Amino acid sequence: MTEISRQAYADMFGPTTGDRVRLADTELWIEVENDLTAYGEEVKFGGGKVIRDGMGQGQMRARACVDLVITNALIVDHWGIVKADIGIKDGRIFAIGKAGNPDIQPNVTIPIGVGTEAIAGEGKIVTAGGVDTHIHWICPQQAEEALVSGVTTMIGGGTGPAAGTNATTCTPGPWYIARMLQAADSLPVNIGFLGKGNGSNPDALREQIAAGAIGLKIHEDWGATPAAIDCALTVAEEMDIQVALHSDTLNESGFVEDTLAAIGDRTIHTFHTEGAGGGHAPDIITACAHPHILPSSTNPTLPYTVNTIDEHLDMLMVCHHLDPDIAEDVAFAESRIRRETIAAEDVLHDLGAFSLTSSDSQAMGRVGEVILRTWQVAHRMKVQRGPLAEETGDNDNQRVKRYIAKYTINPALTHGIAHEVGSVEAGKLADLVLWSPAFFGVKPATLIKGGMIVCAPMGDINASIPTPQPVHYRPMFGALGAARHHCRLTFLSQAAVENGIAQQLNLRSATAVVKGCRTVKKADMIHNSLQPNITVDAQTYEVRIDGEPITSEPADVLPMAQRYFLF
């Protein structure tokens with residue numbers, strides 16, 4: 001067999017087993033763990049290449065071949081870092097393995113035929129589309145901004161730029177839930193809505209789930225009392241939905257211990273568990289130690305930088321309808337912004353004690369920076385703390401798997417949608433993001449939604465080729481016309497499906513049911529299941545694990561920043 005150099009092979013077919021790839025301009029390096037394509041039998045599209053009739057393309061009809069093949073891609077997911085071909089059929093991932101013509105090639109698991117389109121994955125990284133579980137639906141344009149960052153699923157609540165939505169992620173009541181389901185029907189992302197969980201009458205909560213909400217949000221601005229927490233969780237246990245909690249910063253209705261007592265042993269998703277985004281001051285961060293609490297961060301405190309503290313006060317005053325001329329409002333804001341707990345948050349992510357990242361879109365968070373900021377934290381922690389103890393070899397594979405799980409599979413598990421999205425696995429909706437390694441986590445090369453390209457960088461439309469400047473992201477055919485309804489999902493509760501809500505509202509998009517929300521625990525959070533013994537000093541706010549202080553230094557320079565956004 002003829003041999004070529006490793007560099008020449010990587011240039012032609014992408015990296016293979018043992019090759020290392022740098023992620024953007026970070027200090028994170030991944031190493032290919034396995035290559036499922038066969039040396040000498042690789043498929044590639046183009047003039048004089050392999051995917052031609054009678055060669056890499058077989059004679060089978062459409063029913064026997066995939067609709068789309070992504071060739072020689074480097075998959076980065078919670079389960080591995082693997083080189084493979086990816087086959088997509090009927091909008092879902094058909095297989096991950098070896099593509100080609102089974103009539104003449106061995107071990108083909110992804111048949112290519114006349115009905116197959118090809119996307120060149122050589123030299124590209126493929127990840128699952130991100131899942132952002134903390135969306136304030138203040139404006140519909142957030143969907144586009146999130147999509148071009150690599151997020152394909154958005155869970156949250158709201159009704160537009162109302163005071164309630166500016167502060168809380170709730171879509172309150174059946175009428176608003178119906179209108180928002182109709183409004184979101186043509187947005188190019190998967191969507192699920194959270195109803196308002198602040199109430200002590202279970203029927204007022206049940207009717208929101210029956211109307212189409214996939215969960216309930218309890219927010220202190222509506223009153224996060226122990227009674228409301230208990231009521232929402234009681235309904236959740238009945239109807240298999242998730243509850244998200246923004247707890248009581250002011251400790252008016254109780255302290256963190258009272259909230260934990262109200263929760264009991266029932267699963268709950270605690271938002272911005274560090275506390276700058278809201279929650280019992282100063283020790284809501286201790287909630288991450290409990291087996292039934294699924295802790296997430298929002299991105300304004302990620303990573304901790306020299307500007308983090310100064311930025312937060314004004315953000316908080318605006319988002320929570322506070323008055324800078326009222327001393328009590330200023331004191332409320334200042335109680336939430338603690339340098340010590342923010343400095344500990346990055347470390348808790350690196351240890352796998354915090355399980356999810358999210359945005360808090362336009363309500364103290366940036367909807368287009370969930371992925372970017374997650375990787376900035378990973379970079380900062382490698383620089384400050386060195387390689388993880390679990391690493392083997394000269395790579396950061398275990399750290400990368402930990403961090404990618406925070407915005408893909410773990411939020412999907414938390415909200416009962418992991419059977420549909422959240423990872424690059426056969427059977428799931430083909431929501432995939434292609435990245436050039438130099439732009440990983442910052443600017444995607446191609447966004448695939450339900451098997452179709454939904455958005456991509458595109459050059460001058462009047463040019464003779466697709467690449468001349470100006471190049472910017474444009475919607476593609478997967479985001480247009482009736483096709484968009486086939487390429488996205490609206491998530492509903494089982495009760496809403498049984499009530500025929502999609503038919504009542506004339507929803508055109510495909511729907512999917514959330515399930516398993518009440519059985520998921522911290523131990524199920526992939527690569528992020530640590531339950532540390534954590535304490536916070538009430539006077540100094542110092543955070544300790546098993547008696548040892550944990551902190552990090554603020555960054556004054558970050559990767560994935562200015563050099564990527566000059567134009």
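Backbone N, Cα and C define each Cβ position, glycine as well.
Ni(2+) 1 binding, as stated in Swiss-Prot, involves His134, His136, Asp360; the candidate among Lys217, Lys428, Lys443 given for that site is Lys217. Within 10 Å of Asp360 (Ni(2+) 1 binding site), counting CA to CA, the binding-site residues His219, His246, His272 contribute His272.
Same-chain residues that are not part of Lys217, His246, His272 yet have a Cβ within 8 Å of the Cβ center of the Ni(2+) 2 site turn out to be His134, Thr168, Thr169, Ile218, His219, Ala244, Leu245, Ser247, Thr270, Phe271, Gly277, Gly278, Gly279. His219 (substrate binding site) sits 5 Å from His246 (Ni(2+) 2 binding site), counting Cα to Cα. Listed in chain order, the extra residues whose Cβ falls within 8 Å of the Cβ center of the Ni(2+) 1 site residues His134, His136, Lys217, Asp360 are Ile135, Gly156, Gly157, Thr168, Thr169, Ala244, His246, Phe271, Thr298, Ser358, Ser359, Ser361, Ala363, Gly365. Just so you know, the Cβ of Asp360 (Ni(2+) 1 binding site) picks up 29 other Cβ atoms within 10 Å once every protein chain is counted.
It is His134 that, of the binding-site residues His134, His136, His246, His272, has its Cβ surrounded by the most other Cβ atoms within 10 Å.
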